[in-house]
Amino acid sequence: MQDIIVVGAGLAGLVAARTLTRAGRRVRVLEAAGRSGGRLATHRQDGFTFESGYQVLFTAYPAVQRQLDLAALDLVSIPPAAVVRRGPQVEVLGDPIRDPASLPRTLVAGSMPLPDKLRLTRLAARLKVGAPHTLLSGPDETTRAYLKRQGFGERSIQSFFAPFFGGIFLKRDLSTSARLFRYYFRMLMDGAVALPREGMDRIPEQLARELDISLNVRVERLEARGGGVSVLTGAGELQAAQVVLATDPWTAAQLLGEPVTHGSVGSTYLYYASSEPLDEQPRLLLNAEDGLINNAHWLSNAVPGRAPAGQSLLAVSVLGISPLDDAALDAHVRGELSRWYPDGAARLRTLRIQRLPHAQFAQPPEFAATLAGHATRIPGVVLASEATSMSGIQGAMESGERAAAILLGDLETQSRPRGA
Ligand SMILES: Cc1cc2nc3c(=O)[nH]c(=O)nc-3n(C[C@H](O)[C@H](O)[C@H](O)COP(=O)(O)OP(=O)(O)OC[C@H]3O[C@@H](n4cnc5c(N)ncnc54)[C@H](O)[C@@H]3O)c2cc1C
């Protein structure tokens, strides 16, 4: 009998498995897919390198600091500024301390009137106080309601906050919990937003290095048996003393026979190649107008090497799952891009269109009160999933740490607060 079986080789499962392996346990990871990393994946196509969806790493995440060798990831920082696009009109809104080059243009940007720029500076100063995880407690409301209460006007909300934080929470209506907004705002201040030069999949690759992982093994049922757990897979039955269930929350709910999260948030991504440089901008592009595009990024401007020599790579995010078929969606997005690049949009080549119906779980105000715990109704099975914390890399990693700590009796890690 195996000491411990970890089901799922996403970030939560990998962190749990590595912690347990390092503590001397015999651990085997079973992964349904043909690779590790779960939702964190990178595609390589015709010399272009882009993620599954548009994903970035916040280096300030405390669990990232504990778990990853950041230097080995060869990170490239994305400028801490965004470009607000209204058709052909372009404005830069930057963090003047960390992106001094953006200061002159930030000062004159009408997308955020001067009183709101001052409000943003005051908000930043307030959210910089205390440990970041404390921002996950306190009164909750929607991010939109919170911004309104801080006095921000509609123009700033529509032009900046909605597309920028909509791109993080995959919901442009800013209906996500304000606690989460405050925490992410702090993460943006405390560290870089970065991409591993060679792809986000270098993160799970680093975590997986010391582990015994069986790929293409799907777990179909878990059952307490004989003081341990029977793990039924497509390839037969295995026995383990204990199991860490680290699938996505939706599969975990099926295997446990009980809900793990409430709802999911989907998103759609289009990747385009260009043989001519349509834009030299390395910053994130925010669409301030109504339309399908929420944000876009010339990845090859930010991370040279993500496109072959002489080529450019554009990632476009459309929030939600579009009812349009791929051809109609592509045509619609190209139509919007032609307002940005009248001379070049028609010559963009579509590399890939990707629909991710379960990108994150829904995180409305007070969602923390409905989070799953690590204990499950199956004796010997412990849950490791972002569903126990928050939807994102921090949530997944800290959940893996905590699940491992439960099996190891490590009280210090178990009692670490969410987000710390
Ligand atoms: C488009 C997109 C953009 C995102 N952007 C960001 C971002 O910028 N920053 C951020 O912090 N987070 C972001 N996230 C969220 C982040 O990727 C996830 O929170 C994190 O990867 C979740 O890790 P996990 O281990 O909890 O789950 P998953 O990554 O879902 O891993 C679960 C694993 O379990 C496996 N599995 C499922 N069923 C079975 C089974 N029956 N048997 C065996 N194995 C099984 C799966 O194949 C998978 O490998 C984004 C997510 C998406 C999709």
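Heads up, the Cβ atoms here are built off N, Cα and C, so glycines get one too.
TrEMBL entries are annotated by machine, without manual review.
As recorded in TrEMBL:
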type: BINDING; residues: Glu31, Ala32, Val219; note: FAD binding site
type: DOMAIN; residues: 11-407; note: domain 'Amine oxidase'
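When other Cβ atoms within 10 Å of the Cβ of Ala32 (FAD binding site) are tallied across all protein chains shown, the result is 19. Within 8 A of the CB centroid of the FAD site residues Glu31, Ala32, Val219, the other residues of that chain are Val7, Gly8, Ala9, Leu30, Ala33, Asn216, Val217, Arg218, Thr233, Thr247.
Once Cβ contacts within 10 Å are tallied over all protein chains shown, the binding-site residues Glu31, Val219 are led by Glu31. Reduced to three states, the DSSP call for Val219 (FAD binding site) is strand.
Averaged over the domain 'Amine oxidase' (11-407), the predicted model reaches a pLDDT of 96.
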